[in-house]
Amino acid sequence: MDTKLNLFVVLTLVSIQFLSTFPKAAISNVHIVYMGDKENEDPIVTKMFHYKMLSDLLGSKEAAKSSMLYSYKHGFSGFAARLTDSQAKEIEAFPGVVQVIPNQVHKFHTTRSWDFMGLNDHSTTNLLTKSNMGEGIIIGVIDSGVWPESKSFNDRGMNPIPSHWKGICQEGQLFNSSNCNKKLIGARWFVKGILDQNQTPINISNGEDILSARDSLGHGTHTASIAAGNFVVNANYEGLAAGLARGGAPRAHLAVYKVCWSFGHGGCTDADLLKAFDKAIQDGVDILSVSIGLSIPFFSYADQRNSIAIGSFHATAKGITVACSAGNDGPTAMTVENTAPWIITVAATTIDRAFPTAITLGNNHTLWGQSINTRMHNHGFTGITFSDRIALNDSDDSALGCKRRSLNATLAAGQIILCFSQSSTQNIFSAAISVAEAGGVGLIFAQYRSDGLESCHYIPCIKVDYEVGTQILSYIRKARYPIAKLGIPKTIIGKWVSPKVADFSGRGPSSISPIVLKPDIAAPGVDIIAAYIPFGVEKSSGFALLSGTSMSCPHIAGIIALIKSVHKNWSPAAIRSALVTTASQKGTDGSNIAEEGSTRKVADPFDIGGGVVNPNRAIDPGLIYDIETNDYVKFLCGTGFSSKSVSGLTQTKANCTKNRLNKLNLNLPSITIPNLKRKVTVSRKVTNVGPVESMYKAVVEAPQGVKMKVEPQILRFNKPPKLYPLKLLSSQLGKYMEIIDLGA
């Protein structure tokens, strides 16, 4: 959710009695002065130029030094500084300034999954072994930092740090250079943007946050270990999901960039995000994993207020592949985030693992829910009641969903409480706190069908759907002394059809540019076990089960590392093409992948892009759809952006009056035509990366009401990689047309 800037007043008074006669000083807030391409390759010269510009605006070197937060001088040019609105407008007219934008706050998108995708470490034929497990590749993770002591970041079996690494292990509170090793090779932290946003210092004495790259939230540790965690035997969460834990590329190296903080209102600001991208480009990462996003409404990816689009463009132009999460505002259409065409946008799916938990009623009838709480269970029969029966206030219905302070503690004491969520925003965790505070000993939480389980910590809690919840309520109403027994969760693998699209996963089409199909690809993102920070009196096993597109994004980052390890010269667009064109649209039972949640419909490209990632096929896609930086420039011009805005974003001298590309012809591995009403011809160019002697035949499955033809229908190659043009002609009777894997 976008958060309004916290405002502060700089006010100097001579005497309090003259307050009404002195105008208040203008309010200063952090603004990002974005200047696009660097005029000079020397970062020292670029930084001096930034200070000179700010000095000219503010009147002195001292004022410029006090105002400046960051100088962006590696991947692109610009700086973050405290400016009043009038100063921001004034500096926007300076030569070389593309746009001046206010600092905003962004949000997080928050074992078995690798074997589920066919990447088991004991096979000699899959991508994991062919790639030497990502050896020599550096994955950068922009997130909330890292817990370096986690077993997932041990460096056993790791090769020396790659020679192209230029980064550092930045020291800070509870973090020093010895916390890095051959696995965790770099760590940086950026806090100036969020400090200015909150206008209050971090209280480090009470653990509000940690002024270093050390993770106080757990999110960054979790995502980093999914992407490239080393092997950890006997990993589990409270005994569940036990097994060998590892990341997608266990021999890849990790560099973490902490930009997300918990103190104050929390979040990740544009100023800090852009600095992380800038430094990651300088440091020499090969891949960036970013599980962060804007809130609705979104800004265009050519709008300078979209810092992730800006940073990722400059990274992509340097050959760094960027994977981002699709957001967690599904299943509503047009909620997908991070939609720039140079980003690999990742949706979330389930895997074939569940944690069924028995609920045995006093009439010996057993019903099933799911839970990840194995401790604190009372194994005998206990009284059970419906929350609405023990409401503290009969005049409202807050007790129905077990909202805080809504239950009568006298009636709740010693009981298992059945609660019904009344909206998708109510969650089992807050209900468990309410029940525990009222003296309840267990919670059964009936809610909309949704994905992902939460640990309640305080009391055993079980999630059920409304059907099961209604059956339990019927028993409570009929029984004179209703009782129930809560079982202990079990880990079950392979008995459920999967994958399914997670209900929370952001859906397309893109509200910014529906011409670009988003998301690109889907990957596991529900109940994923990975490293986590220690918590609680007893501490933890060092692992947690979390759900979100935040978890699916690093799955793709890990797979990209494996592909990059084999195909070192492939561009980010080539890697994205290989992933999209080889993805699967079928579940484990051979049927089409379906959506989870309320709709339960067959998934379409606006849910999963090309489909669910198939790593072993992606290594050998046959044909790829490659894109160069200049292609994005032409596309942006063709989309209607001005020469100035395109030049600023893309580091080129764009002339949009002469250099335009039909926006349908950006060489993506998909075609999306909004509002198709008449015959349209769309072009693509394919490159053969399969055997030299190859032949490909186009097989077309047209959407209902659409006629399509591919020319030529057969492609023959007899030389090393070259481009080959394809044309697709269509006629319409549909609002959108989507084609995946054209010609391959």
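Note that Cβ sites are derived from N, Cα and C of the backbone, with glycine treated the same way.
Note: TrEMBL annotation is automatic and uncurated.
Quick look at what TrEMBL annotates:
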type: ACT_SITE; residues: Asp143; note: active site, charge relay system
type: ACT_SITE; residues: His219; note: active site, charge relay system
type: ACT_SITE; residues: Ser550; note: active site, charge relay system
type: DOMAIN; residues: 30-109; note: domain 'Inhibitor I9'
type: DOMAIN; residues: 134-590; note: domain 'Peptidase S8/S53'
type: DOMAIN; residues: 665-720; note: domain 'Subtilisin-like protease fibronectin type-III'
type: SIGNAL; residues: 1-21; note: signal peptide
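Here the C-alpha separation of Asp143 (active site, charge relay system) and His219 (active site, charge relay system) works out to 7 Å.
Comparing Ser550 (active site, charge relay system) with His219 (active site, charge relay system), their Cα atoms are 8 Å apart once rounded. Mean model confidence of the domain 'Subtilisin-like protease fibronectin type-III' (665-720) amounts to 89 (pLDDT, 0 to 100 scale).
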